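Peer 1: Pulled these from Swiss-Prot:
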type	residues	note
BINDING	THR233, ALA234, GLU235, GLU287, SER387	L-serine binding site
BINDING	ARG264, SER265, GLU266, GLU351, ILE352, SER353, SER354	ATP binding site
Amino acid sequence: MLDSKLLRSNLQDVADRLASRGFALDVARIEALEEQRKTVQTRTEALQAERNARSKSIGQAKQRGEDIAPLMADVERMAGELSAGKVELEAIQTELDSILLGIPNLPHESVPVGEDEDGNVEVRRWGTPTAFDFPVQDHVALGEKFGWLDFETAAKLSGARFALLRGPIARLHRALAQFMINLHVTEHGYEEAYTPYLVQAPALQGTGQLPKFEEDLFKIAREGEADLYLIPTAEVSLTNIVAGEIVDSKQLPIKFVAHTPCFRSEAGASGRDTRGMIRQHQFDKVEMVQIVEPSKSMEALESLTANAEKVLQLLGLPYRTLALCTGDMGFSAVKTYDLEVWIPSQDKYREISSCSNCGDFQARRMQARFRNPETGKPELVHTLNGSGLAVGRTLVAVLENYQQADGSIRVPDVLKPYMGGLEVIG
C-alpha cells in the first residue's frame, strides 16, 4: 500500500508514475474525498470545542443556581452531531482505504517504461540452446510415452489443468525440489520453513493478492469462522511471518525459503497453455523471501535473482534474464526481474522465475517494521520475493533439454544424488 501522506502531498506526481504502469488513478475522487474529510474534521473539531465549553458552563450555571436544562439540551444535541460526524469520517476513511488497497506500487526509477511484455528489456543470457539432431518432442509426449505423465487420469480426478506424475518422473520432480531447497539453505543462507497452505484474508491483503485479485484464488468458505484461501505462492505465508512485528535490526536480513504446492484459478488464462504442465491449477514451487532494511533492498534484489539463476546454471538449463517494464510488473513490485528458461519444443524462452523488490508496499499493509538503531524508532522494512524455482516448469525444461533420440531422459549431474545415482530414465 502506498503512503497516504505521499498521496495527499504529491497526488498528481503519483498519478503520473502510476500511469506508466497503465493504472489510471482517480485523482478527482481522491481530491473530493480529501476535501470532504477536511470539512467534516474541521466541523467536528469546532463542535467538540463548543461542546466542551458548554459542558463547563453547565457546572458554572449550576453553582449560580440557574436553569441548566437549555445547556444540557445543547450538549446532548452536540453529542448527537459529533456522533454523526464520527460516522461520516469513518465512511470517508473507509472509501479512501479501499482506494488505497487497489493502487499498485510505484515503479523504481530504474524500471524501463513500457506498456506490456514487449517493453521488457533483456539483461543477460546464460547457456546455449542444444541443437538436436533428431525431431524434438515436447514434455507431454516424453512423459506419456512411458505412462509417467498422465493428464487423462488427473482430469478424471480433478478436471482440467492438473497432472498426475508417476514413477521416475515423480521422483525427478521431488529431486528438483530437494536440490533447490538444499542449495538455498546450504549455499545461499536461507532458513527453511514449512508453512500452512491455507491462510486467512488478512495475510493475502498484506502481500497484495486481496482485495484486487480474489478471482485468482481458491477460497474455502466456513460458517462461523474466518474464510480460508489456498496459497497462490509461499510468498504469502513466508512474508506474513513478520506481519505486525517490530524486528530487531540485528536480525536483518531475514531470509526464508519454502517448498510448497501453489493453487491458482488461472481465471484470466482461458485458452492459454492448455497442453501440458506449463499452466496448472496446482503446482509446486520453491519460494525465497527476504526481509531487509530499506537502504539494502535494491542490492538484495540482485542477490535474490542471482540465487534463482544459480539453480538454472547448476542444472545446465539455458535461460535469459529480463528487467520487466512498468506495464508488465506485478501489483506489489517496485522492480522485477523475470528468468525465462529455454523450452526446445516451443523454440522459445518461457518464464520460470519472477524476482521482485516490493519496497515498503507490503510492509505498510502488514505493519511489518524494524527498530532503527540510530533513531530508536520503528520503520517499515522492505520485502522481496522470488521463485527459486517453479518446480513443474523446471521439470518441463529438464525433460525437454535432456531428451535423447529414443525418448529417454538424461539425469542432470546435480540431480543424480537425489535419484539414487540413476543416470537415465526411460
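The backbone N, Cα and C atoms fix where each Cβ goes, glycine too.
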Peer 1: When you measure from the Cβ of GLU266 (ATP binding site), how many other Cβ atoms are you left with inside 10 Å?
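Peer 2: I get 14 for this one.
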Peer 1: Considering only the binding-site residues THR233, ALA234, GLU235, GLU287, which fall within 10 Å of ARG264 (ATP binding site) when distances are taken between Cα atoms?
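Peer 2: Correct set: THR233.
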Peer 1: For ALA234 (L-serine binding site), which DSSP three-state class applies?
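Peer 2: ALA234 (L-serine binding site) sits in a helix per DSSP.
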Peer 1: Could you say which of the binding-site residues THR233, SER353, SER354 has its Cβ with the most other Cβ atoms inside 10 Å?
Peer 2: SER353
Peer 1: Using Cβ atoms only, which residues of the same chain lie under 8 Å from GLU351 (ATP binding site) while being at least 6 residues apart in sequence?
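Peer 2: Expected: ASP338, LEU339, GLU340, ARG393.
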Peer 1: Taking only same-chain residues 6+ apart in sequence, whose CB is under 8 Å from that of SER265 (ATP binding site), what do you get?
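Peer 2: SER265 (ATP binding site) has long-range Cβ partners GLU215, ASP216, LEU217, PHE218, HIS281.
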Peer 1: For ILE352 (ATP binding site), which of these binding-site residues sit within 10 Å, Cα to Cα: THR233, ALA234, GLU235, GLU287, SER387?
Peer 2: SER387
Peer 1: Restricting to the record's L-serine-binding residues (THR233, ALA234, GLU235, GLU287, SER387), give me the longest CA-CA distance in Å as a whole number.
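Peer 2: The L-serine-binding residues span at most 9 Å between Cα atoms.
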Peer 1: Helix, strand or coil by DSSP: which one applies to GLU266 (ATP binding site)?
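Peer 2: In three-state terms, GLU266 (ATP binding site) counts as coil.
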